[in-house]
Structures are given as C-alpha cells and as structure tokens.
C-alpha cells in the first residue's frame, strides 16, 4: 500500500507528508569497537554499520524534518491567503476557464460605488421610512437605491447587535439565476459586509438547518431566487422577524402563485406587523398584464404592503435615461403556414411520433414567419446527433410508463426517429438567397441589418423574439448570410427538460453576454431573458422581431437601447390592425402609468387596504396548512410539492431507477383525483388525494396529504426534511492514513513456540530432519549430513543458500522423515552428549547436561545408508555417537604418529576465538621458533608454543616449563569467527588471515570428526533460518492460513529500516535474511484491491462508484491493516533483524562456562517497526497466500487472507466461491434482453470472443453516465468499471510478477502503468471496435471519440507494425478506457466470477502489446514528477529535495484546494494548486521543471547551496501519493 499521512495544521489545515524515511533513534547510538576483544570472550562478527553511516542517516532525518517544517509553514501561509480571498475569484484567467460567478465578477470588477443622483436620493429617503415600490425606467439606477438602503439597514443592524438585540439579515430576491449572479456581484462591489448568493441548482433544497444557520451567521446579505427564501420560511430555517429587509427585484412579478406573492401571503402577512421587515420593490413598470392599469398597480401595492413611488422630477431622470428614437418597420403581409417538401416527407412517414409534434408545429408556423429555408433547417437542430438520445429516452420513458419491458413498438419508434434523422442529414437545403426562401419579415430584417453592418461600425444590436427556436434559427441564418461586419450571437433562456436541441446553460448565457460587451458579438438574437434586469451594455439598436404583448415587455426591451442616439424598432405587418393597435395601446398605457405614479401624494393613505389583504388571505385560508409547533415550520399546498420532491431525492442513494415522486391525475365525477406514487424504497408508497375541481388543485392536495402522512410516520423531521439523506459516504474525508515514518517498539519472537512444547520432559520418540549440503563447487573439506531431532515433526522446509569457505554458494536441503524414531534412555543419553559436546567444542559453551531441557538434538548422519531410507534410526551414525559419549576428547598422547593429527578439529579450551582444522605437519618449524610474520598479532609472540597457548599469566609459566618442546608444528586453518553464513563475507571477514601454525599440546582434539565439525559450524545459520520459517508459519497460523514456508518467511521479512522505499539506499540493512516482503506486498496489495472490489460489488448492490471507492479505501487503507495487525499481534512474527550470534542458541539451558547472552537476548526481543511496515506485512501475507494456492481455487487462500487482515463485515468470504454465492442477480441483469441488446451481444462476441449469458450486463458496460438511466433502463458502467479496473490490475500484475521474478516493485509498478494506462486502454478500445457501441448523451464527447479514433487509427497505420504506436497520440477520452474496464467487469460477472475470462481477454487482446517490456522502460519517466526526480537525482546529483502536498478543507459544498510544493534544500522552487493532490503535484513538478529548464549543474549547486555530491548514497524524492 502506498503511504499516506494527513496531519492537522493550525486548526484547519491538513497537510500531507509522504514517504519520509524513518528517523534514527538518536538517543540510542551504537558504538562499534575496533579493538581486539578481551581474552576469553567470544567476539562479534556483526558488521551492521559504523559511525559514518549513522552520521549520514542522522543528517538525512534532519533534512526531512526541516523540509516538513518548511512545507507546513508554506501551507499555513497559503491557507490563510486562500481562505482570506475565498470570496474574490481569480479574474486573470481567460473567460473560457472562469466559473460563472467569476465571469460576472470580472465584468463588474472595478465598478465601485457610483454617486447617487438627486432622484435616487429622493427615493432612498422614502424607502427608509416606508415600504416602497420604486418605479423607474430601465437603466435609471434602481439597484443603486437598493444599495443605499442596504447600507442604511446594515448600519442600524450593527448598532442593534451591539446593543444586544437578536441578529437579523437582509434578502435581495431575484426572479432568475442570471440575476442572482449579476446582483450579487454589484452588491459585493458596493458593500463592506459578506454577501452570499444562492440558487436552486446549488442543491439548497437538501441543506440542513445547521447549514442554513451557518450561512445566516456569516452573511449580512443574501441574494437568492425567491423560492429559496420561501422554502426557508416554510421550513422554519428562518423566521420573518429575523429579516430586516426584503428587496424584490422586478417586483411586478408579485402576482398569483409567483414565489414573491407566496412569500407575502404565506409568511409576511402572517407575521406580527411590528416584527415585519422593510420591503423595497424595484420595477420599470408595476404591471405586466393587460387590463386596468390603475387597478393592477393598486393591487401590487396591496400585495407588497408598499407604496408605489417614482421621481417627482422626471426631467432629472430623462437626463440619465435617454429615450431611444422609436421606429416602426413594416413588412408585407405574410403567407399562411404551408408544408414544405421536407415537411411533407417527414409528416407522411413520421407524423404520428408524439416526440416530434412540437417540431412539426414550429416548422409549420416558421414556414410563414421565417420562410421555408429556416423552417427546414429547424429539423437539423431537432434531429441532431446530440438530440437523438433525448428523443429516444423520451420514447422509452413513455413506453415503459405503460408496460415493462419496453414493447417492440417503442423500439420501432426509436428506429424510426433515427431514420428521420438520416433523411434530414441527407436533405439538400436551399440557399437563403433563393427568392421565396425567406419570409417578407426576415427579408426586411436582413435589409435593415445590412444598412447598419455593411460598413465598419460600432453598432450593437439586440433582436428580440418570442420563441427560442426563432432566435436560434435567425442566428443560424444570419451566420451564413455573410453581412460584412455583422457578428451574430444568440441568447435564450435556460430550460430543463428541453429535448429538441434548444437547451443552454447559465454559463453559455454569460459567455454570450461577455462577448457582447467586448464586441466579439455585435448582434444578439435574444428571447425575453435579455429583456429583464440583465445588465446588458449600451446598445444603439433594439429590434422587436416579435411584438411585445404587455406594457412591461415594451418598457423592458426598450430599456436595452441605452445609447445616447439609439433606435428602438418594432416590426409590424402592413395592414395588420392588431399590430397597429398594440403600438398605440402600450404607449397610452405607459402615459397613464406615469401619470398615476407621478401624481401620488406623499402622504397618501391606501384606502381599503385591510379589506384587500383580507381578500388575499381568504383565498389562502381555503387551502389547508399544517404547522409544526416545535419549529413553526409550515406545510402549504405549494410547498408540499417541493417537500415531496426533496423526500424522494433523499432515497437516491438506494439507487432507485427514478428517485422522484410520480403524480397520476385522473378525472372522476366532474372533478379530478390525484394519486401520489413514491419511490420503491420509501416506507410510505403514497396515497390517493381527495377530489378537486382543477388538476393542479388535486395534485397539490394529494401532495399535502402525503406529506402529512410522511410526518405521521416520522419520515419527515421538524423542518419537513427527509429523515433519509442522499449522503456522501461517511468515511469520504476520514483520516485513513498512518504515519509512514513513525516507529514504535514491539515485541519480537526470537524462538518458535515449537521448541517450548514438552520441554522439561524426556522424550520417548523423536522426529528426524536430515540436513544435507550441496555445494556449487568443491569445498576445502567434506561437510557431512547431520540430523536434527525434535519432539514434534517439522514441516517440509524449502532449500536455501548458505556461503561456505570463500563464499562458495551451497544449497542446504532439509528432508523431514515421516515416521517417528523411538529411542531408549541410553540412546537419548548418546544424543544429548553429542549435542552438548557440539556446543562445548565448536562454540565454546558449556551447558549443564540436562537433556530434558533441550529443544532439539543434533546427530551425525550415517554415511553408508541411503538418504531415502525412512527409518530414522538407520540414518543415524550410532557408532560415532558412542565414540563421542565415551571420549570427551582425543588425547594427543594416543597419537604418537604425526599423521594421526591431520584432518582433525582442534580447539583452544580457554579462548573461544581459536578453533582450527589441522592440515599438515610443517617440519621446517619448531615450537620454539617465533611465529611467521604473516600471522595476526597476539599478546604473546615469543614462540609458536607461546602464540598457541591461552590462559592466565600464572598458568602459562607452569605449562611452558613442562610441555614437550620437541612436538611437531601443525599447519592449520583458523576457523573464522563468522557465524552468519546466510550471506557472503564482508570485506573485513575476508581480510582475516586463516592460515596459521600451532602446537597441539595447548589445544584439545575434539572427538567430533572434521566433516561433522565443519557441518556444525554452519548449524547456527541453519537453525536461525529454520527458526525464522517456524515463526513465520506460526504467524500465518494465527490468521488460520496455510502458507508455504518460503512465502510465509518472505512475507514477514523486513531487512532494512526502509524496505518499502525501493531503489533507495537502504538504511541498516540486515544481511542474509533472504527475500524481503516488498514483492509479495506489491502482489498482495493488488489482490487486496481486487478482492475487496469484488466483495463490495456483490454485497452492496445499491452503492454507486463513489460509495465503492470510499468503502474500499476504508478496507485497504494502511490504518485498517495496521489496526488488524496490532490486534492479532502480527508484529511479533515480523523478522526485522538478521542473524544474531547471540540469539541462535537454544533457550532454557543452564550455562556453566562461556559468555552469557541472556541479556543480549532480552534486548533483542524488541524491535522498532514503522506503522506502515506492520500494515505492509498484511499485504505481503495476502501475496504469500496467493502464491501458496488453495484447495479448490488458486485464489482460495488469498481470499481467506484478505478477510483476516481487513477484519470487516464488508469482506466475509473465506474462499473464491463465496463471492459467487453472495451475489444476488439484480433485476436489470435477468430481464429479457431486447433486440438492441441481443444484437450488441452478437457483435461484441464476434469482436472479443466471449458470449454473454446476460446481454443486459454488456448493455450496462457500454452505457455512459451521461446517458439518462430512465432512458437506458440499465445502470451506467461506473459500477462495472470499478470492478473491471481491479481485475485488469490483477491480471497485469500477475503476468509481470511471474515473468520478471527479479524485478523490484517499483519496476513492476512503472511497467504495469503502461499496461493499465488510459492511454493504452483507449487505443485498445478503438482497436477492438468498442468505441462504436458507447451509449452517451454528449455532443462534445462524440466529437472527441471521433477525432481520437481517427488519430489512433492513423498512428497504427503509420507504425509499420510497432506495438507501441499508441504512445505518440494524444490521451483518449476517459470513457474509452472505462469501457474496456467495464467490459471486463461485465464478462467477469456474467461468467459467475471466473477469473479465467479476464485472463483469456488479457492473453488474446493485451499480451501481444507487452511481450517486450523494454519498449516501455521510459513510460513512467515521462510523468512530470518522475522526470523531475530523475533530473534532480541524476543530472544535478541532489538528494535533499522533496515534493509535498497538503489539503485545505472547506465547508461542505466548497471546492477542495490542495497545495503542492517542490522543496530543494529548504528552498521552495515551485508550487501548484489543484482540486486533488495528484494534479497539484503534477502542476508543481511542471513548474519546477520550467524553473530548472536551462540551469546547469554548477548553477544549480550554487543557487541552492547543494553539496549532495559529497554525501554517500542518495535518498528518494519525497513524492508521496495523491490525496
């Protein structure tokens, strides 16, 4: 598992400090003695380090700490900057990269407070003292009056708060999202208090009371669409007495059931009059309907509890707002609507398709208003490629509302729509220049616009239409007419659910406005969205292509012409009485309205207002309400619909096909009854309401009763919020990392528990394990087999390597005999004597002969018997055992013949350092001769006799006086003190001079033969390795795992302080430990990812991909694995120390002579492990279990291991078959496939060779998330892609692991990256032809896929057979690699979880690209982070650098920011900020590479004071992992 650390910083910052090598324990420094050990002591041959190495490691740790401190300081500084400027977006980016809010802010940046004019001050003063509706022309500065009023209210509010009064806030209400952005930007530029802006698309309907309370506490002004405040009031998130000012923008909308009117009726008028907020309304005209002007205006005053006011000095206003010159453009009478040739073809064949009816109606009407050319071209929009999925989905939805599955007639209709699209694509459209193709109305517009735009001009024009289609078609037409200086654009409203190609986003609206301001567009074809409130810059030509219907439309659209010399043109049909009457009507109405407003006396009292209010409320009282007393939250007929929608959406996480409330309204006895149907998982499924006279009333009544029922069942809380939550997984932000560099002290087993079993008793039977030696070349002397006898049978151990003589590689083979050896007490005595004699003669240890305390016995093997004999007794050399039992040593007097002294093992009884093998008699030397000069110096160098003799000074004199000075001098081989034969000799050990000359009399001749003694000298290394195997197997047994010994030990072996840091100078390397866990951990990590992915997939059918990722993260994170390992005490089985000459001796014996190592054993029973190491061992055990196989399936034991180490109910499988048995087939999978799905299955089988039993699975695998599930009727591919991703990882890792047994995990990871990269998988998707089957709902995506497919196919054609052609192309759209992974997931599930299906796919379609992996050696190095690391390390020779990342958390719903920094010698050379650690690090690396681009090594070292070239070794770049 990659390391991950998240730390708190300054109370609100989480930093990430990654892959930091562990710091040394500076308080426990080791001192290495270089002097000769004192007489009589065993010396240590361990060379674990020196002072220079410790100093180097201390420096590395210090550098890491300094870098971490530097980064945390930087992160804190940047966090303050980011949070302090959170309300001020970065505006220096191109418009295309800015958010909508930033676009608005950029346009208003620098627009400071304007000087109020006299009429504005006049209205402001009136608004301070009473509720006021300001009626002023568009462009006269109504918003500025609102700003002045807000400043006044806020000032008083701050005073009230200081005096202890409850806080109140101001609301600026708007009628559209567009205005919310615009007005919020204006207020932020003019107020010094926090201003928030909200609209429905932000998901405010799902916010909790706590979220709202936070917003109310932190903002003085809130700009929002009116329905948001209405819902807050009804849900009692805020009360009317907590509001000090209500500003209604475009106040003329306050009528009927508009949210403005409902706020007044349902909340404002119900509040205590003394606690109501001030009201300020703004409008260009107080009415927007036809009828009695005075009556409508008076009613508006009543509804808003306000007085209409305008300036008493209209001349001042006219100086500011100049009226445009009004013109009437007359066009000839239009022809009646008629059917064009294309219309006739489509009507005849497809006129019965309901989804196309709106298009038929428009095109028929357009033939008259716009002309046949525009009418026909409308079909190109309606049946474009990006619209077809919408139409198809609409057909499916309608069909399935009647029956399920989709009937064949619906499928046929879908096919017919596609056929219609093909007809339109192949249709030859006439040129608009052909006579008769354009209507007289359009021809006139063309002529007029040519006059304005045929020469260079500063004219800016807006052409208003009533219909979105008309604006779009005019834009399309004038884009092709080639009027020299006309730059057309289109601005239409946002409408959800538009299925005929007219939909736009808020962002597209703003971009159009931005381009209009800048002049990039100078003629805007717009609908009413451009009439009202939008701050469109001055333009000098406004054309009403379609006439206004009301006074407000006339006033608003005329107000767009603000230039000093503007023209306002109304296009009217010649001889059309209705058009002429409308012109007169609006002008007279405007005069009457102005007269009414201007003649209002200042102190006028609105007579009859109480009765008017009563009549308003009476209509509401006829409708029921339901109030929750605890909070005051109110349920009304209108709010019930929103509450039910919110409740239904809260069940979305249950993966409903359609998480929405369904209303079915049916006629009944001259009235209507509505049935409410809630999503399937709702405990209350709905009800049927009471009859009502209108459909809308029936629907509201049923919704109201349903909400009451939900409340009764406690499914709605005290604020009418659902008790369910469409929640993000609870652990999405959990701190699941552990500190990779933190070390703790843990107990460590030094001996297996096997040795303690039955210890203290004399055995009657023993089990034999024969130990043999197979050298790679002849040794200097024979090494005879020995037998290890134990109370219990030992497992079969793998062979392993030791290094004998001068590093001759020798294989140690152990063979465990099945049958037990029954022994007598005499035989046990022989065995005990021999074992104790080995410790005495060979290792200078004298133990009390207590055979019951021995954990094992060592015996010589019989050389004459076959190794295959199963009888342990016949394998043992009992004659030699008897000889050794009877003779403690061989007296030299028994061998008067000098030849008898040759090929003996002799030892110094006083000094354990001196053991020899005798080789020859040297007749040229005598005992009295001085030792040859090449011999190592000893204390006494007077003679060879004196050189050989050890012992005290007094004993020496006596011995020398009586010894035989005529005895021969023997040439011998000094046995090295080296005990760790598991590793090759160190240089120090090689430098030891082993040739020596001694006299035999001061020494003892061992009764143990030379060939047995030679084998016994290897016994410490052998028993150390066997101990390690046994301890590792015990560790596996604690998890109930049956693992092969070699893999078990490898999984538990950590041979350095930083084993997990590959290709890095290893710290405190432990020699001779064999393979460490890193490769197994890499393999286990991959299997863990796959196993948990499968388990989550089968156990949680309702979870989405995000749930899967978060839940898998919780399972596989180092923190979880560490906690499991801690609980099961796996740390004690971990082998973190190499061979120790102190701990190999058996426990429990009584030492009589020799160095006592018990203190050393106690000290070495603890070891320091990083927390990450403990977690890594868990993954390595999974890898070991995988290699060990299973009883029925190769993965069985690994599955069991995953369950053991994750310790979670989310993974309970004990074998592979448990996955299949746990999987409940979802309904969509088992439903009968339709014709499309059967055809898809056949085509994909032809391409890939696998036949799906459930074609709907394949359908799901190829369904993009953009494709509406209600249309597709199968889930999108995200769940299957999640599963397939892990399967692909596993099959690729498995292939590399076995093909390259000697490659380290970093190499394997880097080359796996190529195999699973999006770049390769995208190319593979195109190669296999899968891209043509993707079902999506995105026009840009279609274009991206087409362009990529063309590029990758061209690259393959030009590659001349090279398999890496995909490397040179651009990255594919992500949907293509996702398709491949989803296909694998689908095939895997379809095959009942047969991994063979994944392997077959890999062998057939993937393996051929990766036979030669050297091609991809540089693949990973192209990554900016890897490239930076290589440059710093290899080119500059620098090792003191790091790349760190830290996350700055924000409030719920906010955008996460992550800062990454490259630090070189405590200097931050580059930074990058992004939404994730991964991309932040890429940005920081790219910037760092840019900084270093032309910098040579000398300049680098001078600039950053780098002296790393003088240091030993290199350290890794601290790159960590993505947050």
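Each Cβ is built from the backbone N, Cα and C atoms, and glycine gets one as well.
Per Swiss-Prot, the features are as follows:
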type: BINDING; residues: 136, 137, 138, 139, 140, 141, 142, 143; note: ATP binding site
type: BINDING; residues: 1281, 1378, 1381; note: Mg(2+) binding site
type: BINDING; residues: 1438, 1465, 1506, 1508; note: Zn(2+) binding site
type: DOMAIN; residues: 879-1007; note: domain 'PAZ'
type: DOMAIN; residues: 1241-1392; note: domain 'RNase III 2'
type: MOTIF; residues: 249-252; note: motif 'DEAH box'
type: SITE; residues: 1374; note: site 'Important for activity'
Number of helical, extended and coil residues in the motif 'DEAH box' (249-252), per DSSP: 2 helix, 1 strand, 1 coil
Other C-beta atoms that fall within 10 angstroms of the C-beta of residue 1374 (site 'Important for activity'): 13
Intrachain C-beta neighbours of residue 1381 (Mg(2+) binding site), sequence separation six or more, cut-off 8 angstroms: 1280, 1281, 1284, 1285, 1287, 1288, 1321
Minimum Cα separation from residue 141 (ATP binding site), reported as the residue among binding-site residues 1378, 1438, 1508 that achieves it: 1378
For residue 1438 (Zn(2+) binding site): DSSP state (helix, strand, coil): coil
Euclidean distance between Cα atoms of residue 1374 (site 'Important for activity') and residue 136 (ATP binding site), Å: 53
Neighbours of 1281, 1378, 1381 excl. site residues, C-beta within 8 Å of centre, Mg(2+): 1277, 1278, 1280, 1282, 1284, 1285, 1377, 1379, 1380, 1382, 1385
Cβ-based neighbourhood (8 Å from the centroid) of the Zn(2+) site, residues 1438, 1465, 1506, 1508 excluded: 1432, 1436, 1437, 1439, 1440, 1441, 1464, 1500, 1501, 1504, 1505, 1507
Averaged pLDDT, computed only over the residues in the domain 'PAZ' (879-1007): 88
Per-state residue totals over the domain 'PAZ' (879-1007) - DSSP helix, strand, coil: 34 helix, 27 strand, 68 coil
Cβ-Cβ neighbours of residue 140 (ATP binding site) (radius 10 Å): 25
DSSP-derived structure type at residue 140 (ATP binding site), helix or strand or else coil: coil
Reduced DSSP assignment, residue 1506 (Zn(2+) binding site): coil
Residue 1508 (Zn(2+) binding site) to residue 1374 (site 'Important for activity') - Cα separation in whole Å: 42
Candidates 140, 142, 1374, 1378 (recorded positions) - the one closest to residue 1438 (Zn(2+) binding site) by CA: 1374
Count of other CB atoms lying within 10 Å of the CB belonging to residue 1465 (Zn(2+) binding site): 19
Other C-beta atoms that fall within 10 angstroms of the C-beta of residue 141 (ATP binding site): 20
Cα separation, residue 143 (ATP binding site) to residue 1506 (Zn(2+) binding site) (Å, whole number): 60
Secondary structure at residue 1281 (Mg(2+) binding site), reduced by DSSP to three states: helix
